[in-house]
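Trainee: Following this message is one structure expressed as C-alpha coordinates.
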Amino acid sequence: MPELPEVETVRRTLNTLVAGRTIARVQVTLPRIIQRPDDSRHFEAMLVGHTIERVERRGKFLRILLDGLTLVSHLRMEGRYGVYEAGEAVEPHTHVVFAFTDGTELRYKDVRQFGTMHLFLPGEELTAPPLNKLGIEPLSEAFTAEALRALLGRRSSRLKPLLLNQAYVTGLGNIYVDEALFLAGLHPERTADSLRKAEWERLHEAIVATLARAVEAGGSSIKSYVNGQGEMGMFQHSLAVYGRQQQACPSCGESIVKTVVVGRGTHLCLRCQPLKRSRKPSRTASAGGRRSAKKTGSAGE
Ligand SMILES: [Zn+2]
(Lines of atoms letter the chains of each structure in order from A and count residues from 1; the text may use other names and numbers.)
(Lines give C-alpha, C1' and ligand atoms only; values in the text may rest on other atoms or scores of the structure.)
Protein backbone atom coordinates (compact mmCIF):
# COMPACT_ATOMS: atom_id res chain seq x y z
CA MET A 1 0.00 0.00 0.00
CA PRO A 2 1.57 3.27 -1.03
CA GLU A 3 1.85 5.83 1.74
CA LEU A 4 2.53 9.55 1.61
CA PRO A 5 6.14 9.34 0.33
CA GLU A 6 5.29 6.94 -2.50
CA VAL A 7 2.24 8.96 -3.54
CA GLU A 8 4.34 12.12 -3.39
CA THR A 9 6.87 10.49 -5.71
CA VAL A 10 4.12 9.49 -8.13
CA ARG A 11 2.75 13.03 -7.93
CA ARG A 12 6.07 14.61 -8.82
CA THR A 13 6.66 12.14 -11.62
CA LEU A 14 3.18 12.63 -13.07
CA ASN A 15 3.64 16.37 -12.82
CA THR A 16 6.76 16.23 -15.00
CA LEU A 17 5.27 13.73 -17.44
CA VAL A 18 1.68 14.84 -18.10
CA ALA A 19 1.28 18.50 -17.08
CA GLY A 20 0.34 20.52 -20.15
CA ARG A 21 -1.12 17.58 -22.08
CA THR A 22 -4.66 17.72 -23.41
CA ILE A 23 -7.02 14.75 -23.25
CA ALA A 24 -8.38 13.60 -26.60
CA ARG A 25 -10.15 10.46 -25.42
CA VAL A 26 -10.71 8.40 -22.26
CA GLN A 27 -11.45 4.70 -22.10
CA VAL A 28 -12.62 2.98 -18.92
CA THR A 29 -12.69 -0.82 -19.07
CA LEU A 30 -13.40 -1.41 -15.36
CA PRO A 31 -16.28 0.95 -14.48
CA ARG A 32 -16.15 0.40 -10.72
CA ILE A 33 -12.80 2.22 -10.49
CA ILE A 34 -14.83 5.35 -11.33
CA GLN A 35 -16.68 6.41 -8.18
CA ARG A 36 -17.85 9.81 -9.39
CA PRO A 37 -19.78 10.46 -11.56
CA ASP A 38 -21.86 7.29 -11.27
CA ASP A 39 -21.69 6.53 -14.97
CA SER A 40 -18.18 5.85 -16.26
CA ARG A 41 -19.31 6.87 -19.79
CA HIS A 42 -20.07 10.27 -18.34
CA PHE A 43 -16.59 10.32 -16.79
CA GLU A 44 -15.06 9.55 -20.18
CA ALA A 45 -17.03 12.28 -21.94
CA MET A 46 -16.45 14.96 -19.29
CA LEU A 47 -12.66 14.80 -19.54
CA VAL A 48 -12.35 15.17 -23.32
CA GLY A 49 -10.72 18.46 -24.36
CA HIS A 50 -9.40 19.28 -20.88
CA THR A 51 -5.72 19.99 -20.23
CA ILE A 52 -3.83 18.77 -17.17
CA GLU A 53 -2.39 21.80 -15.40
CA ARG A 54 -0.59 20.19 -12.49
CA VAL A 55 -0.75 17.31 -10.05
CA GLU A 56 -1.08 17.82 -6.31
CA ARG A 57 -1.52 15.50 -3.34
CA ARG A 58 -3.78 15.33 -0.29
CA GLY A 59 -2.81 12.57 2.11
CA LYS A 60 -2.49 9.44 0.00
CA PHE A 61 -4.70 10.84 -2.77
CA LEU A 62 -3.51 12.40 -6.03
CA ARG A 63 -5.32 15.54 -7.15
CA ILE A 64 -4.95 15.91 -10.89
CA LEU A 65 -5.92 19.51 -11.65
CA LEU A 66 -7.22 20.12 -15.15
CA ASP A 67 -8.60 23.32 -16.62
CA GLY A 68 -12.13 23.21 -15.21
CA LEU A 69 -12.04 19.77 -13.54
CA THR A 70 -10.22 17.97 -10.74
CA LEU A 71 -9.58 14.24 -10.82
CA VAL A 72 -8.97 12.63 -7.42
CA SER A 73 -7.18 9.30 -7.67
CA HIS A 74 -6.31 6.77 -4.97
CA LEU A 75 -3.93 3.93 -5.86
CA ARG A 76 -4.94 1.76 -2.87
CA MET A 77 -3.00 -1.52 -2.92
CA GLU A 78 -1.58 -1.88 -6.40
CA GLY A 79 -2.62 1.04 -8.60
CA ARG A 80 0.06 2.30 -11.02
CA TYR A 81 0.25 5.01 -13.61
CA GLY A 82 2.44 4.81 -16.69
CA VAL A 83 2.96 6.97 -19.76
CA TYR A 84 3.13 5.19 -23.12
CA GLU A 85 3.06 5.87 -26.84
CA ALA A 86 -0.43 5.23 -28.23
CA GLY A 87 0.75 2.27 -30.34
CA GLU A 88 2.36 0.37 -27.48
CA ALA A 89 0.70 -2.87 -26.42
CA VAL A 90 -1.76 -2.39 -23.55
CA GLU A 91 -0.66 -4.48 -20.59
CA PRO A 92 -3.03 -6.75 -18.66
CA HIS A 93 -4.92 -5.10 -15.79
CA THR A 94 -5.00 -1.70 -17.55
CA HIS A 95 -8.40 -0.27 -16.56
CA VAL A 96 -8.34 3.39 -17.56
CA VAL A 97 -6.57 5.00 -20.53
CA PHE A 98 -6.26 8.77 -20.96
CA ALA A 99 -5.23 9.37 -24.58
CA PHE A 100 -3.62 12.77 -25.19
CA THR A 101 -3.73 14.89 -28.33
CA ASP A 102 0.06 14.47 -28.74
CA GLY A 103 -0.20 10.71 -29.31
CA THR A 104 0.87 9.63 -25.82
CA GLU A 105 -1.30 7.91 -23.24
CA LEU A 106 -1.51 7.89 -19.46
CA ARG A 107 -2.58 4.40 -18.46
CA TYR A 108 -3.88 3.26 -15.08
CA LYS A 109 -3.15 -0.33 -14.19
CA ASP A 110 -4.46 -2.03 -11.06
CA VAL A 111 -4.04 -5.76 -10.49
CA ARG A 112 -6.07 -5.74 -7.26
CA GLN A 113 -8.73 -3.38 -8.65
CA PHE A 114 -9.11 -1.47 -5.36
CA GLY A 115 -8.10 1.94 -6.73
CA THR A 116 -10.64 4.74 -7.11
CA MET A 117 -11.16 7.87 -9.22
CA HIS A 118 -13.53 10.75 -8.46
CA LEU A 119 -14.15 13.67 -10.81
CA PHE A 120 -15.13 17.10 -9.46
CA LEU A 121 -15.49 20.72 -10.44
CA PRO A 122 -12.40 22.59 -9.17
CA GLY A 123 -12.42 23.09 -5.40
CA GLU A 124 -15.49 20.92 -4.92
CA GLU A 125 -13.25 17.94 -4.16
CA LEU A 126 -12.07 19.44 -0.87
CA THR A 127 -15.55 19.58 0.64
CA ALA A 128 -16.81 16.15 -0.46
CA PRO A 129 -15.78 12.53 0.14
CA PRO A 130 -13.17 11.14 -0.04
CA LEU A 131 -11.02 14.21 0.78
CA ASN A 132 -13.28 16.16 3.16
CA LYS A 133 -12.58 14.06 6.26
CA LEU A 134 -8.81 14.01 5.96
CA GLY A 135 -6.73 15.36 8.81
CA ILE A 136 -3.63 17.49 8.94
CA GLU A 137 -0.87 17.14 6.30
CA PRO A 138 2.26 16.01 8.16
CA LEU A 139 4.62 17.83 5.80
CA SER A 140 2.72 21.12 6.02
CA GLU A 141 3.67 24.09 8.19
CA ALA A 142 0.49 23.60 10.21
CA PHE A 143 1.82 20.28 11.52
CA THR A 144 3.70 21.19 14.69
CA ALA A 145 4.40 19.26 17.88
CA GLU A 146 1.82 21.42 19.61
CA ALA A 147 -0.79 20.71 16.89
CA LEU A 148 -0.14 16.98 17.17
CA ARG A 149 -0.46 17.07 20.94
CA ALA A 150 -3.65 19.15 20.76
CA LEU A 151 -5.11 16.66 18.29
CA LEU A 152 -4.30 13.43 20.14
CA GLY A 153 -3.04 14.30 23.61
CA ARG A 154 -6.27 13.67 25.51
CA ARG A 155 -7.13 10.41 23.80
CA SER A 156 -6.90 7.13 25.66
CA SER A 157 -6.40 5.07 22.48
CA ARG A 158 -3.09 3.54 21.58
CA LEU A 159 -0.63 5.43 19.38
CA LYS A 160 -0.61 3.02 16.47
CA PRO A 161 -4.33 3.15 15.57
CA LEU A 162 -4.43 6.90 16.22
CA LEU A 163 -1.58 7.52 13.78
CA LEU A 164 -3.13 5.20 11.19
CA ASN A 165 -6.42 7.12 11.37
CA GLN A 166 -6.43 9.45 8.34
CA ALA A 167 -8.85 11.83 10.07
CA TYR A 168 -6.11 13.03 12.45
CA VAL A 169 -2.86 12.97 10.48
CA THR A 170 -3.20 12.02 6.84
CA GLY A 171 -0.70 10.07 4.74
CA LEU A 172 0.78 7.68 7.29
CA GLY A 173 0.23 3.96 6.83
CA ASN A 174 1.51 0.82 8.49
CA ILE A 175 5.12 1.17 7.32
CA TYR A 176 5.80 4.77 8.29
CA VAL A 177 3.87 4.59 11.57
CA ASP A 178 6.17 1.76 12.67
CA GLU A 179 9.22 3.67 11.46
CA ALA A 180 8.22 6.95 13.13
CA LEU A 181 7.37 5.26 16.46
CA PHE A 182 10.75 3.53 16.41
CA LEU A 183 12.57 6.78 15.69
CA ALA A 184 10.66 8.47 18.52
CA GLY A 185 11.39 5.59 20.93
CA LEU A 186 7.69 5.07 21.61
CA HIS A 187 5.89 1.74 21.98
CA PRO A 188 2.98 1.47 19.50
CA GLU A 189 0.65 0.49 22.36
CA ARG A 190 1.38 3.48 24.56
CA THR A 191 -1.86 5.38 25.04
CA ALA A 192 -1.79 8.91 23.69
CA ASP A 193 -2.77 10.43 27.04
CA SER A 194 0.31 8.89 28.66
CA LEU A 195 2.76 10.92 26.56
CA ARG A 196 4.61 13.87 28.01
CA LYS A 197 5.31 17.07 26.16
CA ALA A 198 8.85 16.03 25.28
CA GLU A 199 7.52 12.76 23.88
CA TRP A 200 5.07 14.61 21.62
CA GLU A 201 7.97 16.68 20.41
CA ARG A 202 9.98 13.53 19.67
CA LEU A 203 7.03 11.93 17.91
CA HIS A 204 6.39 15.01 15.78
CA GLU A 205 10.02 15.25 14.81
CA ALA A 206 10.15 11.52 14.01
CA ILE A 207 7.07 11.65 11.77
CA VAL A 208 8.42 14.60 9.79
CA ALA A 209 11.93 13.15 9.53
CA THR A 210 10.71 9.70 8.48
CA LEU A 211 8.43 11.07 5.76
CA ALA A 212 10.86 13.72 4.54
CA ARG A 213 13.66 11.20 4.22
CA ALA A 214 11.45 8.80 2.27
CA VAL A 215 10.19 11.57 -0.02
CA GLU A 216 13.78 12.56 -0.68
CA ALA A 217 14.76 8.95 -1.42
CA GLY A 218 11.83 8.65 -3.81
CA GLY A 219 12.66 11.92 -5.45
CA SER A 220 16.22 10.93 -6.12
CA SER A 221 15.15 7.61 -7.63
CA ILE A 222 12.46 9.02 -9.92
CA LYS A 223 14.57 9.15 -13.03
CA SER A 224 15.81 5.58 -13.11
CA TYR A 225 12.46 4.36 -11.95
CA VAL A 226 10.50 5.94 -14.76
CA ASN A 227 13.00 4.93 -17.43
CA GLY A 228 12.09 1.27 -17.00
CA GLN A 229 8.64 1.04 -18.52
CA GLY A 230 7.52 4.58 -18.10
CA GLU A 231 5.79 3.24 -15.04
CA MET A 232 5.94 4.84 -11.64
CA GLY A 233 4.84 3.52 -8.33
CA MET A 234 6.30 1.58 -5.49
CA PHE A 235 9.84 1.08 -4.37
CA GLN A 236 11.23 0.12 -1.02
CA HIS A 237 13.02 2.77 0.95
CA SER A 238 15.57 1.71 3.51
CA LEU A 239 13.64 0.95 6.66
CA ALA A 240 14.81 0.58 10.27
CA VAL A 241 12.20 -1.80 11.70
CA TYR A 242 9.40 -2.47 9.22
CA GLY A 243 9.77 -5.95 7.70
CA ARG A 244 12.98 -6.50 9.67
CA GLN A 245 11.69 -8.87 12.37
CA GLN A 246 14.42 -11.00 14.00
CA GLN A 247 17.09 -8.73 12.58
CA ALA A 248 19.24 -6.47 14.74
CA CYS A 249 17.86 -3.10 15.80
CA PRO A 250 19.99 -0.46 14.04
CA SER A 251 20.16 1.51 17.29
CA CYS A 252 20.82 -1.07 20.04
CA GLY A 253 21.35 -4.43 18.33
CA GLU A 254 18.43 -6.14 20.08
CA SER A 255 16.25 -8.38 17.88
CA ILE A 256 13.36 -6.54 16.21
CA VAL A 257 10.00 -8.03 17.15
CA LYS A 258 6.92 -8.42 14.99
CA THR A 259 3.61 -8.35 16.78
CA VAL A 260 0.00 -7.47 15.96
CA VAL A 261 -1.66 -4.22 17.05
CA VAL A 262 -5.29 -3.58 16.02
CA GLY A 263 -4.95 -6.33 13.45
CA ARG A 264 -1.91 -4.78 11.78
CA GLY A 265 1.54 -6.33 11.68
CA THR A 266 3.70 -4.12 13.89
CA HIS A 267 7.47 -4.01 14.11
CA LEU A 268 9.40 -2.61 17.04
CA CYS A 269 12.45 -2.84 19.26
CA LEU A 270 11.34 -3.58 22.81
CA ARG A 271 14.51 -2.09 24.25
CA CYS A 272 14.30 1.21 22.35
CA GLN A 273 10.50 1.38 22.62
CA PRO A 274 9.58 0.22 26.15
CA LEU A 275 5.91 -0.06 27.02
CA LYS A 276 5.24 2.10 30.03
CA ARG A 277 2.02 2.18 31.94
CA SER A 278 -0.30 5.09 31.29
CA ARG A 279 0.34 7.69 33.95
CA LYS A 280 -0.84 11.18 34.53
CA PRO A 281 2.07 13.58 34.09
CA SER A 282 1.39 14.99 37.58
CA ARG A 283 4.81 14.90 39.07
CA THR A 284 7.88 14.82 38.73
CA ALA A 285 11.25 15.93 37.80
CA SER A 286 12.89 12.82 39.18
CA ALA A 287 10.76 10.39 37.17
CA GLY A 288 11.43 12.43 34.06
CA GLY A 289 15.12 12.46 34.82
CA ARG A 290 15.27 8.73 35.38
CA ARG A 291 13.32 8.13 32.22
CA SER A 292 15.55 10.20 30.02
CA ALA A 293 18.68 8.77 31.58
CA LYS A 294 17.40 5.26 30.92
CA LYS A 295 16.48 6.22 27.38
CA THR A 296 19.89 7.66 26.71
CA GLY A 297 21.50 4.56 28.18
CA SER A 298 19.59 2.13 26.01
CA ALA A 299 19.93 4.20 22.87
CA GLY A 300 23.64 4.55 23.40
CA GLU A 301 24.43 0.85 23.73
ZN1 LIG B 1 16.74 -1.02 19.76
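Cβ atoms are placed via backbone N, Cα and C, with glycine included.
What TrEMBL says about a protein is an automatic prediction, not a curated fact.
Sharing the feature lines straight out of TrEMBL:
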- 2-115: domain 'Formamidopyrimidine-DNA glycosylase catalytic' (DOMAIN)
- Pro2: active site, schiff-base intermediate with DNA (ACT_SITE)
- Glu3: active site, proton donor (ACT_SITE)
- Lys60: active site, proton donor (ACT_SITE)
- 240-274: domain 'FPG-type' (DOMAIN)
- Arg264: active site, proton donor (ACT_SITE)
- 279-301: region 'Disordered' (REGION)
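For each feature listed, report its degree of burial, its nearest neighbours and the pertinent distances within the displayed model.
Mentor: For the recorded site, Pro2 (active site, schiff-base intermediate with DNA), the DSSP three-state label reads coil. The local packing around Pro2 (active site, schiff-base intermediate with DNA), expressed as other Cβ atoms within 10 Å of its Cβ over all shown chains, amounts to 21.
When other Cβ atoms within 10 Å of the Cβ of Glu3 (active site, proton donor) are tallied across all protein chains shown, the result is 20.
Here Lys60 (active site, proton donor) comes close to Pro2, Glu3, Leu4, Val7, His74, Leu75, Gln166, Thr170, Gly171, Gly173: these same-chain residues lie at least six apart in sequence, with C-beta atoms under 8 angstroms from its C-beta.
When the domain 'FPG-type' (240-274) is classified with DSSP, helix, strand and coil residues number 0 helix, 12 strand, 23 coil.
Other Cβ atoms within 10 Å of the Cβ of Arg264 (active site, proton donor), summed over all protein chains shown, number 15.
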Trainee: Looking only at the domain 'FPG-type' (240-274), report the model's average pLDDT.
Mentor: 96
Trainee: Which of the three DSSP states, helix, strand or coil, fits Lys60 (active site, proton donor)?
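Mentor: It is coil.
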